[in-house]
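Report on the structure given below.
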Amino acid sequence: MAECFLCSLGWILKYYLYACAACFGIFVLLTIFSKLGERGNKFKYYSKYGMIYFATQSFTTLFAPFSLLRAGNIDNCRIISTIVSRCSKILGITWELRNAQILRQAKGAIVLTNHQSSMDILGMMILWDILWKVVPIAKLELLFLFPFGPSAWLAGVQYINRKNRTSAMKVFDRCKRMMTQDGAKMYIYPEGTRYPERGMLPFKKGAFHTAIEAQVPIIPVVFSHMYFIQSKKHIFDDGHVIIDTLDPIPTVGLTKADLDQLIERTRNAMLA
């Protein structure tokens with residue numbers, strides 16, 4: 001029995017190492033491809049996106065055996081983000097965080113940011129070490145992206161069904177307890193989808209409902225326009241992003257009657 005177990009363990013370990021080596025090789029190839037070609041070259045453009053997609057999905061998946069040891073613990077995501085965020089240097093993206101002390105000192109809050117492109121995931125990972133305890137929210141469709149979706153769930157990602165309000169509010173209730181009891185911070189894109197142009201789309205109400213119910217502050221965070229990415233021209237240059245942390249917006253004493261006013265106040269502050 002023991003021999004059979006050790007044999008199975010050895011087989012699993014061997015193929016796990018093969019998978020690590022294969023993922024590393026693919027990542028290196030994508031990195032090389034991202035440096036080739038002229039400005040506006042489609043192959044170069046998609047290689048850069050492919051590199052960050054692959055780094056995020058492959059490392060989250062490879063980390064799954066360790067996530068199993070504490071399934072659903074949001075600290076798993078912090079470890080993953082610390083590694084993947086290093087891709088910024090390879091992509092030539094630098095980040096300038098303003099008013100970091102607001103994020104560092106807050107205990108139990110909802111962080112709202114604008115959502116421009118897939119590169120926002122790198123911005124979130126840059127902030128992770130400062131935010132420390134983060135409850136990441138993702139759309140439910142990503143759960144079925146195998147093997148990344150289940151691996152991300154093990155790492156602590158909370159999936160939300162945007163088409164089912166009852167289900168979505170249950171997820172927000174679970175996050176509310178994590179904020180009030182553990183001092184965690186929810187990280188949400190209130191627009192609900194990407195908007196690459198300047199400005200922002202109208203906000204969804206879920207995060208604001210939760211903020212009022214939990215009586216926790218909202219911390220607006222604004223990423224400057226990613227001028228160096230132009231999808232229609234297939235341009236992905238080196239670039240600099242300013243991350244501006246705005247003053248927290250308190251919700252103590254607010255009720256559902258104040259919901260629309262709270263959304264308007266937050267959105268106007270971020271637009272300004």
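Using N, Cα and C of the backbone, Cβ positions are placed for all residues, glycine too.
According to TrEMBL, the transmembrane segment annotation covers 15-33 (among others).
According to TrEMBL, the feature transmembrane segment maps to 45-66 (among others). Sequence-distant contacts of the transmembrane segment (45-66) (same chain, at least 6 residues past either end, Cβ-Cβ under 8 Å): 16, 19-20, 23, 26-27, 30-31, 33-34, 36, 76, 79-80, 83-84, 87, 90-91, 118-119, 121-122, 145, 147-148, 150-152, 154-155, 234-236.
Each residue of the domain 'Phospholipid/glycerol acyltransferase' (109-226) gets a DSSP state, and the totals for helix, strand and coil are 51 helix, 24 strand, 43 coil. TrEMBL lists 109-226 with the feature domain 'Phospholipid/glycerol acyltransferase'.
Through the fold, the transmembrane segment (142-160) approaches residues 56-57, 60-61, 63-64, 67-68, 71-77, 80, 135-136, 167-168, 171-172, 174-175, 206 of its own chain, all at least 6 residues removed from its boundaries and within a Cβ separation under 8 Å. Residues or ranges marked as transmembrane segment in TrEMBL: 142-160 (among others).
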